[in-house]
Amino acid sequence: EPIAETQWSTVGPNDKLTPFEDVTSYNNFYELGTGKGDPKANAEQLVTEPWTITVDGACGKPGKLSYDDFVKPHALEERIYRLRCVEAWSMVIPWVGIPLGEALKRFEPTAQAKYVRFETIHDPKMLPAQRSGVLDWPYVEGLRMDEAMHPLALLAVGLYGEVLPNQNGAPLRLVVPWKYGFKSIKSIVRISFVEDMPQTTWAAYGGGSEYGFYANVNPTVDHPRWSQASERRLDGGSIFSMFERRDTLMFNGYDDVAPLYAGMDLKKWF
Amino acid sequence: MVLTQRAFWEARGRSPALKPVVFALALVPLAELALRLFGLGLWGALGVNPIESIVRFSGDWALRMLLVALAVTPLRLLTGLAWPMKLRRMLGLFAFFYAALHLAAYVGLDQGLDWARIWADVVKRLYITVGMAAFAILLALALTSPKAAVRRLGGRRWQALHRLVYPAAVLAVVHYGLMVKADLTQPVIHGVVLALLLAARPALKSWRGRRRSGAEGRVRTAGRGL
């Protein structure tokens, strides 16, 4: 029985899949440690069963759902996406998941629902880095309602046809391929429909020294510490094959989303 | 008694083995890096992002070597031993060596010798500006490290120039702190070690001075400048 009922790829011949080993051993998941290898080393500390997702806010059918109740009604899809990290590296990952928009519609968001707010599990007993103040826990991310409803936005439950490893944000994480990786929040326990733009973790960090709420991949807007004009593709190749950087594409190459931002100055709303 | 002790430690300072042993130890990180390049390192290969690994590894060791070099004078003041001073220049040059490796990895591997992009980084990104300033100082100190340079500059001017190692070390720690995204643990640890090493100099000097004036002639240190 194939895990994914539909499969689609958004990448071209120049985009080699990042090996499973690399996707699962080079992670930014600060709750499990700030080093790239820490999330894998500490992965077993995150217990994902049982898992409850609370859906609340401006919607007709709020509730607390088990992982099964949340995911089961949907067909699983495999989607091969580029993932662009704010640190100027990128990967190509075959995710397995459910379309975010379809999942959200089940809760019947009302007209007051202008944004969706996502929250990562907060459990300092379980998650070592939450016992220190590296970031303001819990990790919070958000999307504008129309962004969340875009067919490219995915809630991932797996990768490479296997259940999502803990270090990649098990059991349920967001994947928004046209935004920097930190927007794709991991290990989601709460989804709220809200009227005002939510205060998100990195946008609030350091008095706004990082990116803002939108954080769309944009080669013309630098991060304070990294130029975003180019990136290094991590595809399991040798150091010599990684020497060549590639140009970063607007919206990470996902031009379909451009109409969402029509009329917005993306140098201001970065 | 005093003379015997002194002669003993002076002899240790001239020990034929000391310098080669420390030299070899200081090359261990380079050997580890070379082994990792071929996937043979004790702590594995270079990982998913090998270029980043090389940049980080060489930067870490540049800073560690700098701190080790800066520990020489406090060690001498604390123990009265002369022989660590004979290692100071070599350790400082190793700090420069790893810093040069770090810069070469950034310029060559990370940025692919794209000079326009590198220059944009230097002027726009504070952590790179600060790192370059630290490197410029280390370069000046490395170039003036031979004995001939000491003679040409004159002891006082040479010493004034080489006191720039303190701001260089501060800049190196600041460079590290500005570079990390949120977890400042490592930069803070290195910063605390540096602060202790810098604070130890005046503290130990006055302690030595008190001891000397308290027991004139009984304790003689083998100091030859700081």
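Glycine is treated like the rest: Cβ placed from N, Cα and C.
Secondary structure by DSSP for the domain 'Ferric oxidoreductase' (B:59-173): 98 helix, 0 strand, 17 coil. TrEMBL lists B:59-173 with the feature domain 'Ferric oxidoreductase'.
Long-range contacts of the transmembrane segment (B:21-46) within the same chain, counting only residues at least 6 positions beyond its ends with a Cβ under 8 Å from a Cβ of the stretch, are 53-54, 57-58, 61, 65, 87, 90-91, 94, 98, 101. For B:21-46 (among others), the entry in TrEMBL reads transmembrane segment.
Feature annotation from TrEMBL assigns transmembrane segment to B:61-78 (among others). Nonlocal intrachain contacts for the transmembrane segment (B:61-78), taken as residues 6+ away from its ends with a CB within less than 8 angstroms of a stretch CB, comprise 26, 29, 84-85, 87-88, 91-92, 94-99, 101-102, 138, 165-166, 168-169, 172-173, 176, 190, 193-194, 197-198, 200-201, 204-205, 207-208, 221, 223, 226.
What TrEMBL lists as transmembrane segment is B:90-109 (among others).
Taken from TrEMBL, the feature transmembrane segment covers B:125-143 (among others). Long-range Cβ contacts of the transmembrane segment (B:125-143) within its own chain (Cβ-Cβ under 8 Å, at least 6 residues beyond either end) map to 66, 92-93, 95-96, 99-100, 103, 149, 161-162, 164-165, 167-169, 171-172, 174-175, 178-179.
Sequence-distant contacts of the transmembrane segment (B:164-182) (same chain, six or more residues past either end, CB-CB distance under 8 Å): 59, 62-63, 66-67, 69-70, 92, 99, 126-128, 130-131, 133-134, 137-138, 140-141, 188, 190-191, 194, 198. Sequence annotations record features per position, and here TrEMBL assigns transmembrane segment to B:164-182 (among others).
The transmembrane segment feature in TrEMBL is assigned to B:188-204 (among others). Beyond the transmembrane segment (B:188-204), the same-chain residues lying 6 or more positions past its ends with a Cβ under 8 Å from any Cβ of the stretch are 63, 67, 70-71, 73-74, 77-78, 166, 169-170, 173, 176-177, 226.
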Handout entry: Local confidence of the domain 'Ferric oxidoreductase' (B:59-173) - pLDDT mean
Key = 95
